[in-house]
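Asks: Okay, handing you the structure first.
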């Protein structure tokens, strides 16, 4: 929001830099610095948010480094401070946001719908996953009442998660679909209702093409088709009206080189003889002192011409205006206390104007001081008022007003246009703002950027109501189709996962049934000569059997004498080869997951070369 607000107030950048110059004494593009900082912080926060979203999407645990935590806290603190400053001291900046929404709202609507379609992808995925989880839990629900109630509570919670995720999204989307019903934009109208292009007054001439309030600047404005010239007038100590905006000579003259101790004094306390010797153009060609960041580079001829500029008088401007038949409007600054013209400055300026022989209707008289005297001695002047009530303007016989462009919000000064009052707004430097004034049927604007605005032959962002309705319905229909397609895609994919789960569960249940089928044990187990049964045949063979193991029961208390029933082996005539027992295990696992492995153990005794020794095999039957 802060970035958007600062971008839209670009017409105020010069005033902001000028105010900081008055406070610091150093000219710097603080407005551009704040804009760049806001863009960097916005990009950083957006990338961090996007990274966090992607990590959550991949189900990776989030870990925010300490540096990121500090930067996020600084961003939040800076936003809070700037928001406080704007709400406390610059409340009118919110009017700029309102004006920008009047012209950008149709495009914001279309972009917002596109963004909502993109955001619907994770929303649909999450809702579909929750639905699949609910169905899977229902499928696995046991018949036990206690577990059943517990499962039902889990399902209810899962259902409840779908509401806060899907419902706000649908409400916002519905609001966007109905948003055009509440949009008011002056640039949405029929072509035949579009008013003429506003005429342009050069603000201090053409300050982007030449040093402000110099003859070069005014001549550049005339070359670019200015309808009128705007300036600021001070009176020297010896009664000469001259053109100067600031209340000192530090920024726009070389007084720091000529008389540095007087750089911060009011120019009204200097005589014209001294003021006429000051250079008023060298500062303009210095890159670090250029007044506008987006100025075009000057040619070498213009640079040389700017270096030779001096402070002009009001008479010089009137001569140019009379020659080119241009209107003149100016702010007249009252001299400070102890000035000889403190109370008669208006009459002095009027006498200079009348002496110039300029046609009186070319003068737009803006000062409110001593207006009755001006009417009496110069009845041909066109008197300009401020933004006061229509009744007050009619009482003072004023049919022209000069207002700040922010006053166009909210209704574009409809009442004044209905009263047939000529409206001039200042200071309009951006094409979108000029287009808004054009669509609002404003009569004239005052601008610093005459080079750009004079080239516009059609307002930007203009569209007819039929075209906008077509774009509105087309965007809504396309978005609905995309949303339905995305939802069906996720729903179908989760349904396939659910079916796959059910199939695997059914197969598992079938295999689990095999756990109850008894496995036939092997009929015969060959015992080796080292087993107890072979060595002690008198031992009882009955015992409690465990699956997969052979357990021999303990002998009774009364044991029979054990006879050695094994015939001792006698070596043969030939060399006896040592026995090499080989144990072969054939392991057959049950097909079920829970079955205990059953194995058939088969022990084979290798043949011994002896004199016909015999070892009877012992069969151990299963009970």
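Positions of Cβ are set from backbone N, Cα and C atoms, glycine also.
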Asks: Decide, relying only on Swiss-Prot, whether residue 8 and residue 100 lie on the same side of the membrane.
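Replies: No - Swiss-Prot names a different topological domain for residue 8 than for residue 100.
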Asks: Pick the one from 224, 239, 245 that Swiss-Prot also lists for the divalent metal cation site with 230, 232.
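Replies: Looking through 224, 239, 245, the residue Swiss-Prot assigns to the divalent metal cation site is 245.
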Asks: With Swiss-Prot as the source, identify the stretch among 163-183, 184-204 annotated transmembrane segment.
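Replies: The listed stretch tagged transmembrane segment in Swiss-Prot is 163-183.
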Asks: Pick from 427-447, 448-468, 469-489: which range does Swiss-Prot record as transmembrane segment?
Replies: 469-489
Asks: Please determine whether the transmembrane segment (110-130) and the transmembrane segment (70-90) are in contact (criterion: at least three Cβ-Cβ distances under 8 Å, sequence separation 6 or more).
Replies: no
Asks: Residue list, the topological domain 'Extracellular' (91-109) vs rest of chain: Cβ under 8 Å, 6 or more residues beyond ends.
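Replies: Distant contacts of the topological domain 'Extracellular' (91-109): 4-5, 8-9, 12, 176, 179-180, 183-188, 404-410, 432-433, 435-436, 439, 461, 463, 468, 471-472, 475.
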Asks: For the topological domain 'Cytoplasmic' (1-17), jot down how many residues DSSP puts in helix, in strand and in coil.
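Replies: Computed counts for the topological domain 'Cytoplasmic' (1-17) are 15 helix, 0 strand, 2 coil.
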Asks: Is it possible to list how many residues within the topological domain 'Cytoplasmic' (61-69) are helical, extended or coil according to DSSP?
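Replies: Looking at the topological domain 'Cytoplasmic' (61-69) with DSSP, the answer is 4 helix, 0 strand, 5 coil.
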Asks: For the recorded divalent metal cation site formed by 230, 232, 245, name the remaining residues of the chain with Cβ within 8 Å of the site's Cβ center, in chain order.
Replies: 203, 204, 212, 213, 231, 233, 243, 330, 331
Asks: Could you give the Cα-Cα distance between residue 230 (divalent metal cation binding site) and residue 397 (N-linked glycosylation site), in whole Å?
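Replies: Answer for this pair: 23 Å between alpha carbons.
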Asks: Taking only the recorded positions 232, 245, 308, which one has a CA atom nearest to the CA atom of residue 397 (N-linked glycosylation site)?
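Replies: Minimum Cα distance from residue 397 (N-linked glycosylation site) across 232, 245, 308 lands on 232.
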Asks: When secondary structure is assigned with DSSP, how many helix, strand and coil residues does the topological domain 'Extracellular' (91-109) contain?
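Replies: Computed counts for the topological domain 'Extracellular' (91-109) are 17 helix, 0 strand, 2 coil.
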Asks: What residues in the same chain, six or more past the boundaries of the topological domain 'Cytoplasmic' (61-69), come closer than 8 Å to it by Cβ-Cβ distance?
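Replies: Distant contacts of the topological domain 'Cytoplasmic' (61-69): 48, 52, 55.
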